[in-house]
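Under the heading active site, TrEMBL lists B:Asp26. The active site, proton acceptor feature in TrEMBL is assigned to B:Asn74. Annotation source TrEMBL lists Mg(2+) binding site at B:Asp26, B:Glu210. For B:27-31, B:Arg39, B:His43, B:71-73, B:Trp75, B:Arg77, B:Arg191, B:197-199, the entry in TrEMBL reads substrate binding site.
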Amino acid sequence: MTDTPAQQPASLFGPDSQFHRFFNDPRWALAVVRATVMEAAHPQIGAALIDNSSFVMHPWRRLRNTLVSLQRMFGPDEETRQREAARLNRLHARLSGTDARERPYDAMDPEVRAWVVATLFESSVTMCRLSGQPLDQATMEQLYAEFRAFLDVLTDRPDHLPPTLPEFWRYYDRVVEEELENTEALQIILYKLFDHLPAPPVLDGLPTVWAAGRALAGPLIGTITVASLPEPFRRRAGLPETPGAQVLMQSVYTAVGLSRFLPDGWLRTETLTNLLYLTPDSDDPQAAALTAVRDRMKQAGALFRLVAPLPEQRGPAEPGGGGAPRGSGEFFTAVLDQTGDGYLDWPDLASMAREVASRLDLDEPEETRLYNAYAAWWRELQSDLDSDGDGRISREEYVAAVPSLAGPALIRVAEVLFDVTDADGDQVIDAEEYRALFRTGFRRVVGGSGGSCSRSAFVKEFLSFMAGRQRSTAYDPLLTGA
Amino acid sequence: MTVEEAAPTAGGTRRGVPRHVACVMDGNGRWAAARSLPRTSGHQAAETTVIDVIEAARAAGVRWLSLYAFSTENWQRPSGEVDFLMRLVRRVVRKHAALLHARGIRCRFLGVADPRIPAPLARDFADLTTLTGTNRGMTLTVAFDHGGRRDIVEAARSLIRSGLPADAVDERHFAAHLPFPDTPDVDLVIRTSGEQRISNFMLWQVAYAEWIFPPVLWPDFRAPHFLECLHAYRRRDRRFGGVTPR
């Protein structure tokens, strides 16, 4: 990494930027939720989210990808930024279609993209206001310039966000007044996402702890977010005015804001999301400490259960299944239906391709190859399994036809996946390449005796996961992880 | 692994405290019959002995203690007795869990594969294993629904699955596929009530074990008996097939 202090545009990004000040601010978590709600209220974005996003099923993965992306965009390195912008553009170019009312949406629409950046900026400013530490005019202007530069890197035309701050506020108010709607995506984020939020991978083994926390936090986050939305929008969208919600919202913002008195480095968004995203069994060095904490919690749980008074029950013996292969219905829900709408269609497979592409940080033409392989698989699935011809595959259709799943197109996916994972092209996946894809080192991979994995072993493992429905220490965290 | 654990057992000289002691808890039924009590009360009386022996072993410096609680063949007993045993074991596990943990004893359960084991009991086994998993004191292995042959068959299966070429298989590799491969060979087996059989118990691990058959029935077995057995073990020459060096 080279610092280029002489270069004027680069100085808007990097560690000294206003953006970086917020990035590790815990209030930002609230602000990002709010920004996402404001985004989802835009009809085009809402439709794109409903159709394509896997955030309901895999919110943690999505969150992490977003943060990594933002960090690259606002980081000091110009080259990384340009690459990330190109990647984001390719990603969004694949998202277009029509919504339920046949209105077209397109993630590349410049106005749409401007709105996304606008909500992030506005939510950051509002976050400061709500917690009683408003930004001064100069800081606000600098932050705005940074976000405008962000949009500038993404699109070649910066003029979709107004050049000055006063004009921005007029633009913002106009969109809120005229364009936002009470979309389905907004409803889902506000009222479904947090009530059903799956446990982050790290808490996966502790469902009770997670469910208890969520039952409290879910409605709380919903209420706080609604209360922080602009009043005109709340009125138009018919969102509830809960008594005391304003006070609650401001108290929470203020309380979270107090964390600025914590010593430096205690709260780092990056560390936090990485922690949440860790699979406890992975061999990442950070996982060790985390596993220790988790183990203590498990021990406490075990002790609690053991000393709790014994409810006298004589239930019949139940067969306990540990690592048994899952049923095809379960596989459908856990792996295939990435968007969680109960059907398997292209966005589900695209979401898998997207996850693999971002993990491996693929460039062109590999990324397109991967998507094409998934697309060919989708066509194969559609022609083989879609018996009622509605263009998508229901759970029932899938369960009825499972044996025919490992067709030539799926094998092709496995091969392409091998090719793109094999970054140095030496026809073996070495430990480092393996780690890039699965975020964990070699385990007991079939035939992986020498610390590497051959093409045939890799393809075999992939197929046995996708078709044989064998559980896999590697693919399960990749494709089912929330 | 402590230094003590790492010390080799092989040698053929007279030994101190055995590293790994296993008990076949035999004689509960006869104990009850001798008192005209139902067989189940014999099992009930065994609880005291179990706790006594665990405590004695720990105090004597035994690092590994294995107890044969229930064999794969025991399922053939009358269903009423099996049911009673399941409930009793569950009660005992829960009653002593905190104590075992406080004593720094690492507990684990060998076998426990049969679907007939009630789910709550299996849950308690798992909980006790989790709770005490990091303890560094004595390791207590309770063989429950255990069969030595079954373990060997399972190990063979896992060995084949691992794809190791046949010529590469040796004892060490094989042992690594047995359940709890960190368990050292058993040095001393105590089978109470005078019966002299192996009964399919930890077949692989008892290969070089010394056997002692005290006539006392398990419910009457107490810490002094246990120490007597340790003493008898110390007096024996263990040659592992060699000759005693002079």
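Using N, Cα and C of the backbone, Cβ positions are placed for all residues, glycine too.
Note that the structure is predicted; figures quoted are calculated from it, not measured.
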Around the Cβ of B:Trp31 (substrate binding site), how many other Cβ atoms lie within 10 Å? Please give the count over every shown protein chain.
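So the Cβ neighbour count for B:Trp31 (substrate binding site) comes to 25.
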Could you state the whole-number distance in Å separating the C-alpha atoms of B:His43 (substrate binding site) and B:Glu210 (Mg(2+) binding site)?
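Here the two Cα atoms are 26 Å apart.
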Nearest of the binding-site residues to B:Glu210 (Mg(2+) binding site) by CA-CA distance, picking from B:Gly27, B:Trp31, B:Trp75, B:Arg191?
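Nearest candidate: B:Arg191.
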Using a 10 Å radius around its CB, how many other CB atoms surround B:Asp26 (active site)?
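Around the Cβ of B:Asp26 (active site), 21 other Cβ atoms lie within 10 Å.
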Of B:Thr72, B:Asn74, B:Trp75, which recorded positions are close to B:Asp26 (active site), meaning a Cα within 10 Å of its Cα?
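Candidates kept after distance check: none.
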Looking at Cβ-Cβ distances, which residues of the chain lie under 8 angstroms from B:Trp75 (substrate binding site) while being 6 or more apart from it?
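The answer is B:Val82, B:Asp114, B:Arg116, B:Asp145.
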Please give me the CB contact count at 10 A for B:Glu210 (Mg(2+) binding site), counting all chains in the structure.
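Taking every protein chain into account, the count is 19.
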Would you mind reading off the Cα separation of B:Arg191 (substrate binding site) from the residue listed as 'active site, proton acceptor', to the nearest angstrom?
17
What does DSSP call B:Trp31 (substrate binding site) in the simple three-state scheme?
helix
For B:Thr72 (substrate binding site), which residues of its chain lie six or more apart in sequence with Cβ-Cβ distance below 8 Å?
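Long-range Cβ contacts: B:Gly111, B:Asp114, B:Asp145, B:His146, B:Gly147, B:Arg150, B:Asn200.
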Go through B:Gly27, B:Gly29, our binding-site residues, and report the one whose Cβ sees the most other Cβ atoms within 10 Å.
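Ranked by Cβ atoms within 10 Å, first place goes to B:Gly27.
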Can you check which residues sit near B:Asn74 (active site, proton acceptor), meaning Cβ under 8 Å from its Cβ, same chain, 6 or more apart in sequence, and list them in order?
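Within the chain, B:Asn74 (active site, proton acceptor) has Cβ neighbours under 8 Å at B:Val82, B:Leu85, B:Asp145.
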